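What TrEMBL says about this one:
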DOMAIN    27-107  domain 'G-protein coupled receptors family 2 profile 1'
DOMAIN    124-374  domain 'G-protein coupled receptors family 2 profile 2'
TRANSMEM  126-147  transmembrane segment
TRANSMEM  159-176  transmembrane segment
TRANSMEM  212-230  transmembrane segment
TRANSMEM  237-257  transmembrane segment
TRANSMEM  277-297  transmembrane segment
TRANSMEM  318-341  transmembrane segment
TRANSMEM  353-373  transmembrane segment
Amino acid sequence: LPFPLSKVQGTHPDCSVVLRFQELEAECLQRIGSESHSPEQAGQGCPTEWDGVSCWPALPLGQSRHVACPEILSVFKKSKGLIQRNCTEWGWSPPSPPYHRACQLETLGSSNDTEAKARHFVTMKVLYTCGYATSLAALLLAIGIFCCFRKLHCTRNSIHIHFFTSFILRGTAVFIKDRVLFSDESIDHCTMSTVTCKAAIAFFQYSVLANFYWLLVEGLYLQTLLLLTFTCDRSYTWGYVLIGWGVPMVTVGVWALTRLQYDNHGCWDDYSSVYWWVIKAPILLAIFVNFLIFLNVTRMLAQKIRCPDLSRTHKQQYMRLTKSTLLLIPLFGVHYVVFALFPEHVGVDARLYFELVLGSYQGFLVALLYCFLNGEVQSEIRRNWGTWQRSMESNVFNLATQDFTA
């Protein structure tokens, strides 16, 4: 029978092979255990055996059995070959022909392709490590700027700070996950199952969810800003906090309890489980709601700009919002719609580059657009810099005058 590879397609390809062989071994060992308690099977021919690749059912003495090559395409090039084993008085005979001949086993380890893949993943890790490090530095500096200058303390910038924090958590979670799962090459991360690695994955999922939901809050706030004509009630702030931090907390809590109760195997980093939808469904919901908000904000801005009764000052404000909205397309998660409806195993290479490498610089882009290129922030920095320069000049003049009079 063909293997149900769809059960493991959401995991890393190497882990899919390992997990599938483990499933087959478990099924075979279960059969062996049931036969060991059956008196009819005792001492009759060759018992059921697991040879590391296939399960060979019990066979009477002097007979032979054929099995097909395992249909795991990442291991075997050819899956229609047959392997034969005979039941002799000394037990099972060796597989004939051997698996690597009958199934054309892929050569692993010694091939240049394997080395190229290893270099590829190392290069990708270096790129996204640099990206997250750059983003973390820029985001921390942006938060410092918003916190240091009193005139920048407002609801809008408070939401920006929460949004920046979600990016910081996401970058930190990536570093923690890499440290826990992949720091030691001797550890098999496919079968790793510890409290530490599960906590690292849970924290990573929470940071990703929080990032998406603060992305949603930014969209909701911009829409509210337009509807209320540049005024915003502070009573909305707690609602935004509950959406941005509360919804991800509840979602990850439900997901963790579900995995503990019904699917507590491995390190919870596989996407093959049906319980992955507990995380994926809220992310998709946030993406599509944000997409609708983006379309609505664009429509509202276009209407207001065309309005003949609009004052020049308000029109300039709306024009700035229009430019910001067009620049914030990647920040609103619109680009994630490209991959949202595709299964996890489709376009893996493109997805990895997009989400890891390009996504790692998203925090830097957020800090750049919301803080460093913000006219209000720039004018406040220039004003405080001018005040500090005049203060320093005044102090130097006073010191010089005191020295001269002395």
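Using N, Cα and C of the backbone, Cβ positions are placed for all residues, glycine too.
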Out of 159-176, 237-257, 277-297, 353-373, which stretch has the largest tally of CB pairs under 8 angstroms to the transmembrane segment (212-230)?
277-297
Mean pLDDT over the domain 'G-protein coupled receptors family 2 profile 1' (27-107): what is the value?
77
For the transmembrane segment (159-176), name the stretch out of 237-257, 277-297, 353-373 with the most CB-CB pairs under 8 Å.
353-373
Within-chain partners of the transmembrane segment (237-257) [C-beta distance under 8 Å, separation at least 6 from its ends]:
155, 158-159, 162-163, 166, 198, 202, 205-206, 209-210, 213-214, 216-217, 220-221, 275, 278-279, 282
